[in-house]
Amino acid sequence: MVFPDLLPRRSTVQPVRLMGDERLRLFSGSANPELAQLVARYLGLAPGPLVRKSFADGELYVQIQESIRGCDVYLVQPTCSPVNDSLMELLILIDACRRASARQITAVLPYYGYARADRKTAGRESITAKLVANLITAAGVDRVLAMDLHSAQIQAYFDIPLDHVYGSPVLLQYIKEKQLGDMVIVSPDVGGVSRARAFAKKLDDAPLAIVDKRRQAPNEVEVMNVIGDVKGKTAILVDDMIDTAGTISEAAKVLLRQGAKEVYACATHAVFSSRAIDRLSDGTFTEVLVTNTIPVPPDRRFPQLRVLSVADLIGEAIWRIHEDSSVSSMFR
């Protein structure tokens, strides 16, 4: 995995003004309208008008309220909680745009739900991440723009063009501005080593550590061991998402017991389900850094939380796709 170099700081980025280009339209699903509004602002647009409602039986209805015939349409809809409703709404939006004769439809997925079901771990299971890709493609989308997919193989689940962008620039920029000094980048499990290593390289090749969780014998509790030196250092735990926060919270406690000075949590997607808020706000972490790919309502926020915006990054990617320019050059 290769992470991009840092983008220009937000204060130095000039919004792309496309108001005069009537071919580009952006619409927001209900999953994260705040992010869609910020992306539209970067592009010098306003999200297109649409009607969305639910019938008494739970069925969804969507109608585009302006002509999009011949337009390049971008639909911003992370498939986050409620996952099934968000996914179904995206499919309906795609179908509505296709039937309205849009020239090209791009699904902008800041967060890709079902991403962890990317392989079979037991017999008679579904590979749901692939199924979701099939559904999105079958609905009529032409292209997908996704951010920080859980695993690289998901890109191959789509038989249409997919542009993969990263939330790491905004996280790295924040950490660099903190000037934390003696840092160690930590993967909370063995599976995330490549992500943590790429993150460390962008921080002047900071040292790397791994929290390895294993059972010493059958029927014994799992034991966490730290591979690497964390004593006296500021530990930064890096992952793609924080869901229940069980693994990352236990990893942080192990790091502190091993002598880490303080621990930061760093992830693109703030899923924050179950007991996540209690675990993240109990004083174990100095700060918890996430982005706004998934909305975090006020009642789910806590003093250690920092929510960083990826709207400019997504907006820049949309502009480059629309102009047939390179997206990958953003990350060189």
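For all residues, glycine too, the Cβ spot is worked out from N, Cα and C.
Annotated features, as they stand in Swiss-Prot:
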ACT_SITE  LYS213  active site
BINDING   ASP57, GLY58, GLU59  ATP binding site
BINDING   HIS150  Mg(2+) 1 binding site
BINDING   ASP189  Mg(2+) 2 binding site
BINDING   ARG215, ASP239, ASP243, THR244, ALA245, GLY246, THR247  D-ribose 5-phosphate binding site
Chain-internal residues, separated by at least six, CB under 8 A from ALA245 (D-ribose 5-phosphate binding site): ALA265, PHE272, ARG275, ALA276, ARG279, LEU280
ASP57, GLU59, HIS150 filtered to the binding-site residues whose C-alpha is within 10 Å of THR247 (D-ribose 5-phosphate binding site): none
Position of peak Cβ density within 10 Å, selected from the recorded positions HIS150, LYS213: HIS150
Neighbourhood of THR244 (D-ribose 5-phosphate binding site) by C-beta distance under 8 A, where only residues 6 or more apart in the same chain count: SER273, SER274, ARG275, ALA276, ARG279
Fewest-neighbour residue among binding-site residues, criterion Cβ within 10 Å, set GLY58, THR247: GLY58
Count of other CB atoms lying within 10 Å of the CB belonging to ASP239 (D-ribose 5-phosphate binding site): 24
Cβ within 8 Å of the mean position of the Cβ atoms of ASP57, GLY58, GLU59: remaining residues of the chain near ATP: SER54, PHE55, ALA56, LEU60
Which binding-site residues sit within 10 Å of the residue listed as 'active site' - Cα, from ASP57, GLU59, HIS150, ASP243, GLY246: none
Cβ neighbour count within 10 Å of ASP57 (ATP binding site): 5
Intrachain C-beta neighbours of ASP243 (D-ribose 5-phosphate binding site), sequence separation six or more, cut-off 8 angstroms: VAL271, PHE272, SER273, SER274, ALA276
